[in-house]
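As recorded in Swiss-Prot:
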COMPBIAS  1-11  compositional bias 'Acidic residues'
BINDING   35, 37, 193, 198  Mg(2+) 2 binding site
SITE      41  site 'Important for substrate binding and specificity'
SITE      89  site 'Important for substrate binding and specificity'
SITE      136  site 'Important for substrate binding and specificity'
SITE      158  site 'Important for substrate binding and specificity'
ACT_SITE  193  active site, proton donor/acceptor
């Protein structure tokens, strides 16, 4: 399937008046960082347990910054598989009295609402998922969308930006904690494997790599 099928949505050419710099930077796509914590590796059968998303903003000089975080603990869908090893790895306690999980539909609807608001504010037409090993997060997001028959999914269905790849290029590191350390981003291993924490650190890493590229002369906005 070709990305060209989605180009008409972006309206990247021929629009009247100046476009928002963010829309210009990524051809009408808005980067949104997403991380999920799950009950296993299979997006079709394993539970989505946490999801977080960070929208990305751009300052007047064209530098990116993490803007707003959305986070939900999620109730496993009916019949979902949850591997004990996954719970041990993430430290998630499903029966914790303060977990306060919501349904997949509620979590996704809230995040999509926030993303659409950011799209409008930045003059973008579609979000593109940014993740550390992004195909994993996009797979679980798409599976939740399909299970709940959600309409108006703002994310591109198959394209993404992978910070594991970007960090490998920029710093020679593909593990999130090590990439953050190389980028002088504080990383507390005790907080890792929380969707909120990992998403916020991934957002810092993504913004840092893109901004570093700009500082090196790799991209100039249309006002330069």
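Placed from the backbone N, Cα and C atoms, the Cβ positions cover glycine too.
Of all the recorded sites listed here (89, 136), the one with the fewest other CB atoms within 10 A of its own CB is 89. Of all the binding-site residues listed here (35, 37), the one with the fewest other CB atoms within 10 A of its own CB is 37. On the backbone, the CA of residue 198 (Mg(2+) 2 binding site) and the CA of residue 136 (site 'Important for substrate binding and specificity') stand 14 Å apart. Taking residue 89 (site 'Important for substrate binding and specificity') as the reference point, the recorded positions whose C-alpha atoms are within 10 Å of its C-alpha, out of 35, 41, 136, 158, 193, are 193. Compute the center of the Cβ atoms of 35, 37, 193, 198, which mark the site for Mg(2+) 2; besides them, the chain residues with Cβ within 8 Å of that center are 36, 50, 52, 90, 192, 194, 195, 196, 197, 199. Comparing the Cα of residue 35 (Mg(2+) 2 binding site) with the Cα of every entry in 41, 136, 158, these being the recorded sites, the smallest distance points to 136.
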